C-alpha cells in the first residue's frame, strides 16, 4: 500500500480543535481502518482510525480514490511523506537509475545538469550524475558513447536528489516508480522517467575494470590480527566512551588499536553527507570499508556509530566477511530516557525543540539488534563494560 500525503488537514475550529487528518490519492494497495502503517521517511508506526471519502467515512480505500485518513497517534507528517504498510515499504534513497524520455527541443539532457524532480507529492532538486547509455528505439542498441539526450530520445541515467525519495521500481509499482523532470529556469516539463534500479550506492560493486591490489605482506606476517568492533546504540548510549576505554586498555596490553569515530569522519571525508537515511547508509558504507583497510594493517578497529538500521549493520558485517576479517557487533543497550538525560552534546534538547531533524530515537527510527555479539547495559561501570569487550576479543589480546 502506498499513500503519498498531499495535504495535512487541521481545521483549528472550536468543533474540531484536535482534528488532524492527511489527504491524498491512494497510489496502490488497499487500506482499511485498523491497519498498522508506518509514516516515511520518519519511520513512526501507528494505526488507521478513520478513512474519509468525499461523502463521509468509508471502510476501505483503493486506487484512485482521493481520501483523508486519521491515525491513532499524533505524528509529525507533512506533504511529501508517505504512509505505507510496515512490512512492505518503498526504498528511501537519493541515488537511483532510471529510463527517461527527453521532451525538450531547445536543450539537451547532459550529465551534471540540475533539474527539479516531481515524484508523487514530493518535489526536490536532482542532478544527472551519469548518462549510462542512449537507447535506439529502432534497433534497441545501447549507445554507451552518447554524451547527451535530445528531443524524443530515450536513455538510462543515474540521478542524485537533494532529498531522499520514497521509490519503487516501475516494474513493481508504476505510481511510485515514475517521475517528471522540470527545468528550474522555465518551469517546463523536460523529461518523464521510470525508476529502474533503487539499489543503494552502499551495496553496489566496483566496475569490472577495477582490480584489487595484492600486498606482499599477508595477515600472518603482521604483529597482530586485525578485526573490527562495531558499537551501535542511540546517541548518548556510551559507544564512544567505551570504545575509547577499550582502545586505551588494548594499547596498554601491547595490542594496536584505533577508534574510528563516525563523527570525526564527518569533518572531512564524509563532510558531504547529511543525516537522511540515504546519507547515513553511505556514511556507514565508507566507515565499513575504511575499517577493513585499517584491520588489514593489523589494527583492532573500534567503530562507534549509531547505525540505526539492521541493514546498515549487516552491510558492515558483510564488508568485513568478504575480506576475511572478524567483525563483532556490540550493542550499547541504554534506554532512550537515560540517553536523553545524559545528552552530552545537547542534541536531544535541540531535536525536541525542532532545531534538528532526522534524529535517531526522536523523529528517526532505531532498530534494536536481534543477535549482537555482545550487549552492554548501563548497570555496569565504564571500566567493566570495556573489559567485557576485551573478553569478547579473547585470545587475540596480548597479556
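Just so you know, glycine gets a Cβ as well, placed from its N, Cα and C.
Automated prediction, rather than curation, is the source of TrEMBL annotations.
Worth saying up front: this structure is predicted, and the values here are computed from it rather than measured.
Residues or ranges marked as domain 'GTP-eEF1A C-terminal' by TrEMBL: 96-195. According to DSSP, the secondary structure content of the domain 'GTP-eEF1A C-terminal' (96-195) in residues is 0 helix, 57 strand, 43 coil.
What TrEMBL records for 225-376 is domain 'APS kinase'.
Annotation source TrEMBL lists ATP binding site at 233, 234, 235, 236, 237, 238, 239, 240. When secondary structure is read from DSSP and collapsed to three states, residue 233 (ATP binding site) falls in the coil class. Taking a C-beta cut-off of under 8 angstroms and a sequence separation of 6 or more, residue 233 (ATP binding site) has the following same-chain neighbours: 239, 306, 331, 332, 333, 334.
In the structure as shown, the Cβ atom of residue 307 (active site, phosphoserine intermediate) sits within 10 Å of 31 other Cβ atoms. Taken from TrEMBL, the feature active site, phosphoserine intermediate applies to 307.
According to TrEMBL, the region 'Disordered' annotation covers 361-381. Residues 42-44, 76, 232, 234-235, 238, 242, 275, 277, 306, 308-310, 313, 328-336, 338-340, 348, 351-352, 388-389, 392 of the same chain, all 6+ positions outside the region 'Disordered' (361-381), place their C-beta atoms under 8 angstroms from a C-beta of that stretch.
Per TrEMBL, compositional bias 'Basic and acidic residues' is recorded for 370-381.
Summary of the ATP site environment: with the site residues 233, 234, 235, 236, 237, 238, 239, 240 set aside, the chain residues having Cβ atoms within 8 Å of the Cβ mean position are 231, 304, 306, 332, 334, 339. Using DSSP to sort the residues of the compositional bias 'Basic and acidic residues' (370-381) gives these counts of helix, strand and coil: 0 helix, 3 strand, 9 coil. The separation of residue 307 (active site, phosphoserine intermediate) from residue 236 (ATP binding site), Cα to Cα, is 13 Å. The Cβ of residue 240 (ATP binding site) lies under 8 Å from the Cβ of 231, 259, 261, 263, 304, each on the same chain and at least six residues away in sequence.
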